[in-house]
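The next block holds one structure in the form of structure tokens; read it before the comments.
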Amino acid sequence: METVYTHGIRVAETLQEQTSHLEKFWLTVTLLGDPKAAFLLVFPFTYFISKRTGVAVVWVAAISEWLNLVFKWILFGERPFWWIGESGLYDKTSQPKVHQFPSTCETGPGSPSGHAMVTAAVWWVVVSSLGSFVYSRTHSLVISAVPYMLYVTVLAAVGISRIFILAHFPHQVIAGCLTGLLLGVTLRSTVPEGRPLLFFFSFSVGLMFSALVLNVALQQLGVDIFWSISLAKKWCSRGEWIRLDTAPFSSLTRDCGALVGLGLAQYWKPGGWSLPWAARALSLAVSSMGLYHVNRLPLPVKPQSLFYSLFFVKFVLVPQIVMVFVPGLVHLLTRKKKKD
């Protein structure tokens, strides 16, 4: 693997040298490729166009991110920003000419890339639905292929951004893209629309319990599951770039919370609110603002159990805001306006 890692560092060094003028672009892309963007950005946008696709986005995002966590615990992938120092291959004269960014210092293992994997899975759900719709209207293979070309472009941009900021090696990005694509194709037809609330609670508990069992099993085998957190803290350029919301258990609580929230939203309002396009657009705008402020809510990092509990609640609220609260309020206001 040393050869693969060394080549990956050279690729990152070349990217930083040749595309330094695109630094802000790559940093923006890596933020948009963050798994949480699937819940906070892609979900509301798709839901108000197609409810089924919106539900599918949450479902696929949660499962793909959970599987990514499991793969990372098993595969023990290094990250470039700490491997450079840990490898012992570089001295002061041969140090790669690379630098870190605020989004670099993630604390989980590196393989496969979560950004690439979740983006590949979620966006496959979106573009395949869009491609089918376009073809049904145009009957043109060329025009209906446009969403798929956009898909490849998005994946390439997210992958390059992860290499650029030293968060992943190229092979980790490729592995994430391929695994995510496979998951997207597999899970697209398993949308839990209309499922009872118990299904979502049971599924969420199952994900949480199985991850904890794997965690305990690895520790019993003598595996230090916190090894990546120690290395991230050791080699990150700035301590404030280490964030608890990038830790493996944050991903787990986000996914379980989103699934519980999805179940609750469908329980409170089966089938969702029926709104005209203007009301949907208004709901999208208000929901986006609401999710923006929910995401920005500061959470106490100590004790960590409190942080994870509140993080769970935060993502339980996401489907409620998008599927129940905001469209319900818009429906109430527009109905009153029509009566007046």
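Note that Cβ sites are derived from N, Cα and C of the backbone, with glycine treated the same way.
According to TrEMBL, the protein has these features:
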type	residues	note
DOMAIN	53-188	domain 'Phosphatidic acid phosphatase type 2/haloperoxidase'
TRANSMEM	56-76	transmembrane segment
BINDING	ARG79, ARG162	substrate binding site
ACT_SITE	HIS115	active site, proton donor
TRANSMEM	116-136	transmembrane segment
TRANSMEM	148-167	transmembrane segment
ACT_SITE	HIS168	active site, nucleophile
TRANSMEM	173-191	transmembrane segment
TRANSMEM	198-218	transmembrane segment
TRANSMEM	306-330	transmembrane segment
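Here the features listed in TrEMBL are placed on the structure.
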residue: ARG79; record: substrate binding site; Cβ neighbours (10 Å): 26
residue: HIS115; record: active site, proton donor; Cβ neighbours (10 Å): 30
residue: ARG162; record: substrate binding site; Cβ neighbours (10 Å): 32
residue: HIS168; record: active site, nucleophile; Cβ neighbours (10 Å): 32
Distant-in-sequence neighbours of the transmembrane segment (198-218), which means Cβ under 8 A and at least six residues beyond its ends:
62, 66, 69-70, 73, 192, 225, 252, 255-257, 259-260, 262-264, 266
Cα-Cα, whole number of Å: ARG162 (substrate binding site) versus HIS168 (active site, nucleophile)?
6
Distance between HIS115 (active site, proton donor) and HIS168 (active site, nucleophile) at the Cα atoms, whole Å?
10
Reported as an integer number of Å, what is the Cα distance between ARG79 (substrate binding site) and HIS168 (active site, nucleophile)?
5
Please report, as numbers and ranges, the same-chain residues at least 6 past the borders of the transmembrane segment (306-330) whose CB is under 8 Å from any CB of it.
39-40, 43-44, 47-48, 54, 58, 244-245, 249-250, 253-258, 260-262, 264-266, 268-269, 272-273, 275, 279-280, 282-283, 286-287, 290-291, 294-295, 297, 299-300
If you average pLDDT over the domain 'Phosphatidic acid phosphatase type 2/haloperoxidase' (53-188), what do you get?
94
Helix, strand and coil residues within the domain 'Phosphatidic acid phosphatase type 2/haloperoxidase' (53-188) as assigned by DSSP:
96 helix, 0 strand, 40 coil
